[in-house]
Every structure is written in C-alpha cells, then in structure tokens.
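Taken from Swiss-Prot as is:
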- Arg91: ATP binding site (BINDING)
- 400-497: region 'Central' (REGION)
- His454: active site, tele-phosphohistidine intermediate (ACT_SITE)
- 498-533: region 'Linker 2' (REGION)
- 534-885: region 'C-terminal' (REGION)
- Arg561, Arg617, Glu752, Gly773, Thr774, Asn775, Asp776: substrate binding site (BINDING)
- Glu752, Asp776: Mg(2+) binding site (BINDING)
- Cys839: active site, proton donor (ACT_SITE)
Amino acid sequence: MQRVYAFEDGDGTNKKLLGGKGAGLCTMTKIGLPVPQGFVITTEMCKQFIANGNKMPEGLMEEVKKNMQLVEKKSGKVFGGEENPLLVSVRSGAAMSMPGMMDTILNLGLNDKTVVALAKLTNNERFAYDSYRRFVSLFGKIALNVDDEVYDKTLENKKVEKGVKLDTELDANDMKELAQVFIKKTEEFTKQPFPVDPYAQLEFAICAVFRSWMGKRAVDYRREFKITPEQADGTAVSVVSMVYGNMGNDSATGVCFTRDPGTGENMFFGEYLKNAQGEDVVAGIRTPQIISKMAEDADLPGCYEQLLDIRKKLEGYFHEVQDFEFTIERKKLYMLQTRNGKMNATATVRTGVDMVEEGLITKEQAIMRIAPQSVDQLLHKNMPANYAEAPLVKGLPASPGAATGAVVFDADDAVEQAKGKKVLLLREETKPEDIHGFFVAEGILTCRGGKTSHAAVVARGMGKPCVSGAEGIKVDVAKKIAKIGSLEVHEGDILTIDGSTGCVYKGEVPLEEPQVGSGYFGTILKWANEIKKIGVFANADLPSAAKKALEFGAEGIGLCRTERMFNAVERLPIVVKMILSNTLEERKKYLNELMPLQKQDFIGLLKTMNGLPVTVRLLDPPLHEFLPTLEELMREIFEMKLSGKTEGLAEKEVVLKKVKELMEVNPMIGHRGIRLGTTNPEIYEMQIRAFLEATAEVIKEGIKTHAEIMIPNVTEVNELINLRKNVLEPVHEEVEKKYGIKVPFMYGTMVECVRAALTADKIATEASFFSFGTNDLTQGTFSYSREDSENKFIPKYVELKILPANPFEILDRPGVGEVMRIAVTKGRQTRPELLVGICGEHGGEPSSIEWCHMIGLNYVSCSSYRIPVARIAAAQAQIRHPREN
C-alpha cells in the first residue's frame, strides 16, 4: 500500500485517501495550475498513528525523507541547507472540509542557521526573521501545545514598546528579537530544548497534525455536523514547499471563492493582504482588501487577470464553487489549496439554480448538493425591510441573516449563558478553539478579520449570522467591556447584528420571518417536488399551524393531536371536571361542553386544508396527565393544613383521590390510547362525533374534505373492530342522518407497538391506513424509556460507539426500521392499496426519510418548520434509490 504520494502522482478524485487539501493540490497540478512542489501522507497513516497509541507508523519517516529528497532535486534547494534552504508548510486535510478545525505549520525547516541563509538569499533580513518568529509560534502552539497567549502577549508588548499598531511596522531587529524571545518562552513552557533539526521538526509536525484529528474542536465539529467515518476518517498531511507572501509589497496572500459564498451571486469574491502570510487572512489578524482592488495594484501586475483565469478553470473542472488560497511571491502567483466552497444554504441554493441554468449541472445534482439539515438556515429571520434606526457601527457582511442576543466575550461563557438565554458572541477575532461558542451563539461579531476569516467561514458553514471586521469596536476581554464610540457595551447587553449588511444595532430589533416559497429556494423546492415520490405532510393541531404548514409546502396533515386541543386555558378546567366525574352522566355532561369546541377546531383545520388529508388522532395520553402531579397536590394540601387554610381543601383532596386512582406503575404502556377509548368509550364517541360533524358542515359549505380518523396504541385487531362496531358506525350513521349527506372518512391506526407491526396483516383488515409512531415504537423495540435513556446513558452509548446515533433522533434501521418493513409488507399482503406514513419525530429527519422512502411509505409527517428539509430529503432519497411510485 502506497503511503506517500507526490502531487503529480496522486489521484485527485480520492479525497478519502488524500484528504480534501491533498486531493486539491494533486488535481491543480494535473490541470496545469501553478502549484509548489510537495507530497501527501495518506489518511490511512493517521488511522494507524491513532491505533498505535499516537506513535508514528513504522518506516513512514523513511518514506517521507525519500519524497523530501525528490522535492530537493526538483527545486534545487536542500532541507536544512545552510546556503539554499528548502522550507515547507505542513497542512492537515480530511476528506470533508472542516474550516479552522485542524492545524497548519508554516516555514518549517527554519533554525538559527537556515534563517541566516534565507536572509542572504532574499536580501531581506526582516522577511527572514518575520518568517522565523511565525514558525516558532505556530510550531510551539500546534506541535508542542504551548498556549498561544504566550506569543500573542509578547508580540503585543513589542508593538506597544515600539509605539506601532501593525506587525508590518516592526523592523528586522524587532523580528530577530521576537524570534529569540519566542524560542526562550517555548523552552520555558515545555521544559525542553526547541528542536533545531529540520527532520525532527517535520516528525513533530506530522504527529501534531495526526493528533489534531482527535482534538476537542475537531471532534466537536464532526459531532455537530454528523460527519461519520464513512464520510471522513482521519486527516492526510500535505507537505508543501514554502512560497512567501511576506517578502515585500510585490508579494501577497489571499483567499478567494469563485462565487460569493454568502449570497451565491456569480461574482468573483475574495480578499488579499500584501506583505503577509496565508494564516494572516484566515486568522483575521488584519482586515484585508477586496480582491478586485488587485486589478489596480501596480506592485502585482497581471496577477488579478491570472486569478480570473484560474477561477474559470477551477469551476470548469469541478462544476462546484471553489474556495482557494493563493500566495504571490515577488509577482509570481502560486496556488496552495482548492476545495468545494463552504457556503451557507442561501448561497448553496442560488449557485445550484444558477449552475443548472448555465448548463454546468443537472437539477438532481443541484438538489444533492444541499445538506438537508442546512435548510433550517433559510428559515432564519431577517432585518425589517425598511428599518430606519442608524447602526452603532458597520463591519463586513460575513454570513447573512439577522440575530439578536446578550453579548458575551468568551466561548466558554457563551456555552454557559446560552442555557438560559440567547447570546451573541463578540470577539476581537475568533480562533478554532472558539468553536463550541459558535454552536450555541445566535450570531458572531468580530472586530478584526475579513469575509474569509475563520469566523466568517465557520459561521457560514453553520448558517449563523456573522459580522466581521467591525473595527469601530474596541474590546477589553479582561473587563468584559466593548466600546463603540462613546457607548460602553457590557456583558449581557443586547445587540442585534445584520450579517447581510454588516450593520450592528443597539438593543433588540423585531426580526421578520423569511419567505420560503419564492426566489431561488422556491425553485429548488419546486424541483424537489417534481422528483420526490413520498408525500410530505405536517403535524398540526390548530388552524394557524395548518396555515403555516401550507406556506411551507405541506400536502396534508398527517397528525392532529387532539389532546393538545384539551390543554387550552379555557378547556382544561372542563377536562379536569370530566375526569373527576363520578358518574357516566356527569362525565357526558362535560364532554358535551367540550364537543362544540373540538368541532370548531376541526372545522378550521378542514377548511384551511381544503380537500387535503386531515388525520385526527383520538386521545392518546393517560388521563392523569391532565391533572396536577401527586407530589404537587400532597405539598399543596400539607401547606394548606399547616397554615389552617380550609377554603378549597376538600376539592384538592377529591383531586388527590382521583390522581391516586389513576396512578400507574408504567403509564407509557398503560391505560392510554385505544385502551382508554375502550374502557371509556364516551370520550372517543365525543371526539368522533365532533370530527364527523365538522366534516359534514364543511362539505355543506361546498368545501372539499379528506377526513381520516386514527386510533393510537393499537396492539390487537379486535380493538379496532370493537371501536368500529360499538362507537364509530353508530355515530357515523347519526351524523349522516342529522346532516342528510354522505360523510366520507378513512379509518386507520398508529403502528407504535411492536405487536401491531407483527400482526399488521390482521390489522389491515380493519385499517385502511397505517401511520408509524416511531417515538413509541423505538421505546418498545429497544425497551428504552426515552425520558430516562436520553438523560442517563444514550450519550455515553453514542460516545463509545455502542450505538451509531441516538435512535430517538435518527431512525434505527436494523431494529425499528426492520419492524416497520415487516408491517408494510404484511399490511399490503392483506390490503395492497394500504396507505402508510410516519408521524413520529423521525418524519423530519433526512436519514429516516430515506429509509421510509426505501421501504415504500406513501408519506412522512413532521413539524411545519421541518417540511422544507423533508421535501429536499425526499427528493434526495429518490435520486439515490429510484422507485416508480
């Protein structure tokens, strides 16, 4: 097995082996772009390194040395040479892009001797020692785990001492002194000599990159974005000959996107810094210039035109938006990296539509490029169209959308405070180790850095609004204060940012809901509907929720939870009285009070849906859930007796008695659903009557209806037979007689008990449709209580890889999924036209939707805000696993 590949020998399509960065360098070499010489160490070596207890695989360094000698031969330079030294960068790169998650070391090979040679060769002492101090700080931080504050404070102190603001204002002697102080401080921190042998440095660096794969921020990023080992397993290491953007004003470094990664607009987008190294742009240490200004830059003749040509070549080859890094060394341009651009959902959607219209890709390819979970970003709120207040300050619009939150100055504080409120992370510049703060923040605001800085790239990838480079803000992290002009912003103060314009506003701004069905996203959703075979319904309990569902593209209501209608403030007291009733007559009296209220809700739903399916699930939870808890009542009664208060005491004791009567050892598999409807048929009778009368009244108004009655917790076909004969048919006859019309409806069941799935052939003799309740079906199949397991052991099981994921979030295909497949197969043996859907929370989760498509379900039902996600996921499922209907 080949373990190291020269750029000209590597297969650029094999990102799994060479990593995205290595594969990109190989591809750029292949298509004739100017790439420095170098080689890639494969991801397999990273996996072996970790499996060996973080030890270098045997013989690997010998192979690295052979490849380094080839680079020496091609370049005419010598690694560690004291006359013409070869210096390299050591870069990480996994199969999937993880901006800022992994580590890069520049200028490797420098020591006290090679730096003198570099100064002589370039006739630029300042450049040589600037490169040296950068190398020491990067190497110390990444390879030796030195706290970067050690270097940052030393550099800041030197600038203060010299009375300057920018690194570029320090002279050669300053850089010399900084390099030696950095080495001394590194040795003090590590209690060991700084490595001077270039091959020792290289081995340290390769090990550091391999180790970073299992570093906290890389693991957190993979967990947040659900990046599995199948998608990316280990990081490759690219060893690249150094080229320098910090050799003077005829040198530069930059980052570009072939299209705008924030909006998707087909315009060249990027930034560059003169007399700088690549990490300066990405780290956001200085705020760069926009790339178009290079066209007028007399120090860099022809470079902008060359970049435009490279932009065209990259998109022509990859048919994807590319994010690339370049360096210009003394007017000569080199490409250091290209990868598929990390864009927010807005840009991904627009570029997809535009590329289809440009003939670069197909509709199917455009849809497959959208990560379904990223669709949530398109539902972000925005600033009001005509907002008149002047902003406090303006930065760069780095990631679109608007966000309001309480200001925090530290990622750890963001995590802590986000547990109770919305937070906005405000930093001078962000670093990769701030990633945990990004996850919880509503938005990110930085004082330094451009649109291609770490903060901007990661925020766009997460779909978080971001304003970067707001230089009018001065932050004092120690005091947790920011100054914007004369205004002091303290931790906890509210700010609003607009990532689409770069504006920052004082206080909370009322934000507007997005428009889902129009524009580029509307086009993508239209294409998704043309492709997908599985319907997308909504879980909705009120007419207002149904209206919102239609706006998002729902094709029906797959679950109306009637118990939620009982929980309204004016209804709950009636429900409680019904439960406390001692006689059937008394119970019916209160049910009769509830009936017209439920009927009005049903009328609203049916009218809103206007002929689309409305599936009403009859009462599901046990009755005790509508009453106060035993502990609550006992405490209240104890306190009343203790204080001598007697008013209302008798009523409390009546409720306590009923709560004790209704108490169950295991209520989740107890007296609920059809069992309750069988022992207390008057409850289901009221609900059926309300729904059928609502259907009749809507029909009489000339509005189409598609009414479906769904029974929960069925385990035995006789439960359905009993309910049909003794309740459903008599009520249906009475309603048709009362209104003098036919009132059509469908009668079906939830399949949420394992026995129902295993006897689906019998149950299908009664039920004309099934709907999987996968929350309870998962509980039953695993014998896990959801409430207990999610808090106690499932996270540990996922961490230890006992389970691949939380089965209550992502459908368990081998177990729960197989039970579903059995039910579908058996049910359709009895009733070939059987309609089958899913209405558990899995109905909006992309992987689960794919499984539902694969086993032949007719529809999925999910919350309104998951409908666009489900539509995209359903189309992707059809593209991956085509079926006829």
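Keep in mind that glycine also has a Cβ here, set from the backbone N, Cα and C atoms.
Remember, it's a predicted structure, so these values are computed and weren't measured experimentally.
Features recorded in Swiss-Prot, as mapped to the structure shown.
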residue : record                                          : Cβ neighbours (10 Å)
Arg91   : ATP binding site                                : 28
His454  : active site, tele-phosphohistidine intermediate : 24
Arg561  : substrate binding site                          : 19
Arg617  : substrate binding site                          : 26
Glu752  : substrate binding site                          : 25
Gly773  : substrate binding site                          : 28
Thr774  : substrate binding site                          : 28
Asn775  : substrate binding site                          : 15
Asp776  : substrate binding site                          : 22
Cys839  : active site, proton donor                       : 28
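Highlighted in sequence order, Leu559, Asp620, Pro712, Met750, Phe772, Leu777, Cys839, Gly840 have their Cβ within 8 Å of the centre of the Cβ atoms of Arg561, Arg617, Glu752, Gly773, Thr774, Asn775, Asp776, the residues recorded for substrate, and are not part of that set.
For the region 'Linker 2' (498-533), the list of distant contacts is 262, 264, 346, 349-350, 352-353, 363-364, 366-367, 370, 378-385, 387, 389, 391-404, 443, 445, 459, 464-467, 470, 473, 484, 487, 551-553, 853, 868, 871-872, 874-875, 877-879, 883-885: same-chain residues at least six beyond its ends, Cβ to Cβ under 8 Å. Neighbours of Thr774 (substrate binding site) among the recorded positions Arg91, His454, Cys839, defined as a Cα within 10 Å of its Cα, are Cys839. Summed and averaged per residue, pLDDT over the region 'Central' (400-497) gives 88. For the region 'Central' (400-497), DSSP puts the residue distribution at 25 helix, 35 strand, 38 coil. Remark: secondary structure over the region 'Linker 2' (498-533) totals 13 helix, 6 strand, 17 coil, with classes taken from DSSP. Rounded to a whole value, the Cα-Cα separation of Arg617 (substrate binding site) and Cys839 (active site, proton donor) is 11 Å. For the residue listed as 'ATP binding site', the nearest of the recorded positions Arg561, Glu752, Asn775, Cys839 in terms of C-alpha separation is Asn775. Cα-Cα distance from Gly773 (substrate binding site) to His454 (active site, tele-phosphohistidine intermediate): 42 Å (rounded to the nearest whole number). Secondary structure at Gly773 (substrate binding site), taken from DSSP and collapsed to helix, strand or coil, is coil. Site extent for substrate: the farthest pair of Cα atoms among Arg561, Arg617, Glu752, Gly773, Thr774, Asn775, Asp776 sits 15 Å apart. Relative to Cys839 (active site, proton donor), the recorded positions with Cα atoms inside 10 Å are Asn775, the candidates having been His454, Asn775, Asp776.
The two recorded residues, Asp776 (substrate binding site) and His454 (active site, tele-phosphohistidine intermediate), have Cα atoms 42 Å apart. Look at Cys839 (active site, proton donor): DSSP puts it in coil. Taking the Cα atom of each, His454 (active site, tele-phosphohistidine intermediate) and Glu752 (substrate binding site) are about 46 angstrom apart.
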